[in-house]
Every structure is written in C-alpha cells, then in structure tokens.
Amino acid sequence: MKFIIKLFPEITIKSQSVRLRFIKILTGNIRNVLKHYDETLAVVRHWDNIEVRAKDESQRLAIRDALTRIPGIHHILEVEDVPFTDMHDIFEKALVQYRDQLEGKTFCVRVKRRGKHDFSSIDVERYVGGGLNQHIESARVKLTNPDVTVHLEVEDDRLLLIKGRYEGIGGFPIGTQEDVLSLISGGFDSGVSSYMLMRRGCRVHYCFFNLGGAAHEIGVRQVAHYLWNRFGSSHRVRFVAINFEPVVGEILEKIDDGQMGVILKRMMVRAASKVAERYGVQALVTGEALGQVSSQTLTNLRLIDNVSDTLILRPLISYDKEHIINLARQIGTEDFARTMPEYCGVISKSPTVKAVKSKIEAEEEKFDFSILDKVVEEANNVDIREIAQQTEQEVVEVETVNGFGPNDVILDIRSVDEQEDKPLRVEGIDVVSLPFYKLSTKFGDLDQNKTWLLWCERGVMSRLQALYLREQGFNNVKVYRP
C-alpha cells in the first residue's frame, strides 16, 4: 500500500531552506509515529509531497488514521501505483478501479501530470472520461458538482490511481517551533489550547496543579496522555504535577475573599514559570478566554501576567465557549472535560473583576512564599510515555488477568469509533461496551454482582480507569490483558 502526503499550504510558501527543514522534520515525525505499526514501513520525502509505503495490509486503516492526526499534513491520498504504456492503458486501469463506484453516478475525471509525455492532462481527462462514459452505461459525465470525482496522477511512466482522499489537521510539524508548557486542568479550554499549539508546531509539555486529590490527577493524566497519543506522539514530552493544595490552603486562610481568584492564578503562573525555566521552555499556554470568568478580564489578565517574564500564550482569548466546546468535540476531549471537576471556580464567593495592583500586592505580603517554593521543588515530573508504567505501579491492588471466570464480564472501554472499527469478540465470555469517558457516571448502573475486566488495546486507559474506579469504591474491577 502507498500513501501520498500533501503538505500544509503554509509550508509550501516558505523559503527554500525553511521549507526543506519543515519537510525533513515532518518526515521524521511520520516515521516516529508509524514505526509502531509496521517496522518495514518506508517514508520518502520529495519537494512537494512525502510518500509512505508499507507492506502490512492489516495495518492500512491504522496507518491512514494516524497520518490524519499528524500536524503539518494537509491531506492524504491513498493510491495504487502501477506502470502504464499509453492513454488507453490508463483508461483500462481506471475502468477496473472505478467501475463499481461509478455505477448509477455522475462523474468527472481530474488528472495531475508530471514528467515528459506526448499528451496533456486535459487529453487524459477527455480520453479516460469518454471511455468510462461509454463502458459504464449507468454513469454520466458531469463536470460541475459530480457525485464522484475520479482523481488520477501521472508521473513519468507511473500511474497513481487515487483510491481515497483523507483530510489531515494541517498546521506545522511538531518541532518546527519551540517548546511550550501548557497549564492543563482537564477542562474544555486547556485541552483545546494545548491542541492548537501542537497543531502550530510546538512540542507541548503539561503542567497540572492538583487541587482535588488523586482522582483529579488521574483524570487530567488521561487527557494529557490522550492529546499526546493522538496528536503529538512523535515527540517525548513531560507531565509535571504540582500538589497545589498547600498553596490553596494558605490563600484561603490569609487572603481576602475578593482577591483569591487573581492571586491563585498569579501563584500558578509563578510556579509554572519556574518549571518552564528549569526545563528550558520558552512560553506558557493557558486556555483563558476574555471575559469568560472573573479572573479573565483584561485588568486581571494583565496583573496575572505581571508576575512573570515568561511569555504567556492564550490561543483561545477571543473564542466563545460554544466554539471551544465544538473544537473539544472535534479533537475528542469533550467527554473528558464534561466529567472533570472544576476547583478554581469555588475558591472565591465574590471575586473582583477589576483587581487593583496595590491591593493584590498587599494581600500577597501575607502569603508564605516558602510554601510555593516547596511545592514546585517537590513537583512530580514524568515522561508522558511512562504514565502507563506509573499507573501500573499505583494500581498494585488491581489485579491484571489474562483469563476469565464464570462471573466475569469484559468491559470494552475504547471510544465508540474504535469499537465500531474493530469490535471486540472473545469466545466464552460476554463483552459489554462502555467508553472510558462514561465510566464515572455509568459504571454504577452495571451489575455490581459481576466482576468487570476492563480492556483497551494498549492497556493504558484500562489501568488509569481501574485506579479511578477503585478510588470511587468499586472493588469488582480487574484489568484484562490477554
């Protein structure tokens, strides 16, 4: 099988040296992502496209899906690459490939040609289109808005029969821009803002301020791992968790109620800036949108920015909530966000929307900054790829099994799309489907007299969810790894 990768248009208008650098980085990213599917896979770069060739036909759908999620790719063409002799040979091969698709449909033929030939692209379009029209009685040529467009590419003595076109996410390849640190809470905004910076070519590390205990951290780990695994797995990134409960306790005890929200955000920016400086990261990323909550007015945002020299990027600053939720739905983080607890909003009963710098600084004089220094020093930093192993250590009380008993039921916790693409069937045991993002609200509705064996393809999400369910008091869960 063969895929032709078309570059994001903004890459093609760069200078020759920059364009070449971007293409090299994108080629490396594609190799890093796809090596898990087929070790014999070949990735070859050209000036205006990248070729991906693989031998393992069983991985076709997985490879195609992975390519559509790599930043820097505009679209993917799945092609059949065959030699040809003349225009009639092109027609005959096109007839075999497209006959079934054109039955009872209107169509047109579009050809792109590279190399020296004794015919033009239009000549091929007319010849092949006329031949298809004659040999498929129920098909009819229609040059504008046809039901089917037959795409062909001719390159020297090779014919590319385009079997499908699949849109990518666009943007710049990860690694073409500098690293950023995303302040992730697991909600709608931080997930979308992280995705937007990945799409713009940044390697996104994650910094999480834990205000709600182990269950909250597990939930945010899931979001960060999902974003990395889906859009940024070509690069290693850090997940830094800071226990912010001591800081919140100090604020609740010593700070005036109206100033709490702004001061909490200032403390977070201070802490994140120290983490960024420690790891050589150039900027922070937040999901703040202008006017969305009390701390996100222009006055308050300016005061929050003032505590650090580190650049703070806010890709959602002009977005409304509906737009953000729609983006979260598109990238797959909506269901995570809906079940994620929100802690920052309850810290102050009557927050100020127009904080005064002198008042904020006066309140902060009451704060013991050694507490902030200590929580940053004790921050837990892990390679995001190690989240699975770390979870395995944390879920020591959850048994991992490769078989099953008469009272067991396998619980397939993959997303709905994954379940539909590759349904799980295991002989001798019932399989129930419940996506991971619904476990927090729907697991209690299941038969609690059964033992539920959580399963996902790689075992990461099943371990994370097993820990979460154990913390919620469900002891009838195990991890299924056949």
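Backbone N, Cα and C define each Cβ position, glycine as well.
Residues or ranges marked as domain 'THUMP' by Swiss-Prot on the basis of sequence analysis: 61-165. Per Swiss-Prot, ATP binding site is recorded for L183, I184, K265, G287, Q296, and the stated evidence type is sequence analysis. Positions annotated as disulfide bond by Swiss-Prot, on the basis of sequence analysis: C344-C456. The domain 'Rhodanese' annotation in Swiss-Prot covers 404-482 and is backed by sequence analysis. Per Swiss-Prot, active site, cysteine persulfide intermediate is recorded for C456.
The structure, with features from Swiss-Prot marked on it.
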residue	record	DSSP (3 states)
L183	ATP binding site	strand
K265	ATP binding site	helix
G287	ATP binding site	coil
Q296	ATP binding site	helix
C456	disulfide bond	coil
Residues near L183 (ATP binding site) in space but at least six apart in sequence (CB under 8 A): S190, C207, F208, F209, M268, A272, L284, V285, T286, G287
Max CA-CA distance, Å, over listed ATP-binding residues L183, I184, K265, G287, Q296: 16
Helix, strand and coil totals (DSSP H, G, I; E, B; other) for the domain 'Rhodanese' (404-482): 28 helix, 17 strand, 34 coil
Integer Å distance between the CA atoms belonging to C456 (disulfide bond) and I184 (ATP binding site): 24
Euclidean distance between Cα atoms of C456 (disulfide bond) and K265 (ATP binding site), Å: 37
Between Q296 (ATP binding site) and C456 (disulfide bond): CA-CA distance (Å): 39
Site of maximum Cβ density within 10 Å, from recorded positions I184, C456: I184
The domain 'THUMP' (61-165): DSSP-derived helix, strand, coil residue counts: 38 helix, 38 strand, 29 coil
Under 8 Å by Cβ from Q296 (ATP binding site), counting only residues of that chain that are 6 or more apart: E288, A289, L290
Per-region confidence, the domain 'Rhodanese' (404-482) (mean pLDDT, whole number): 84
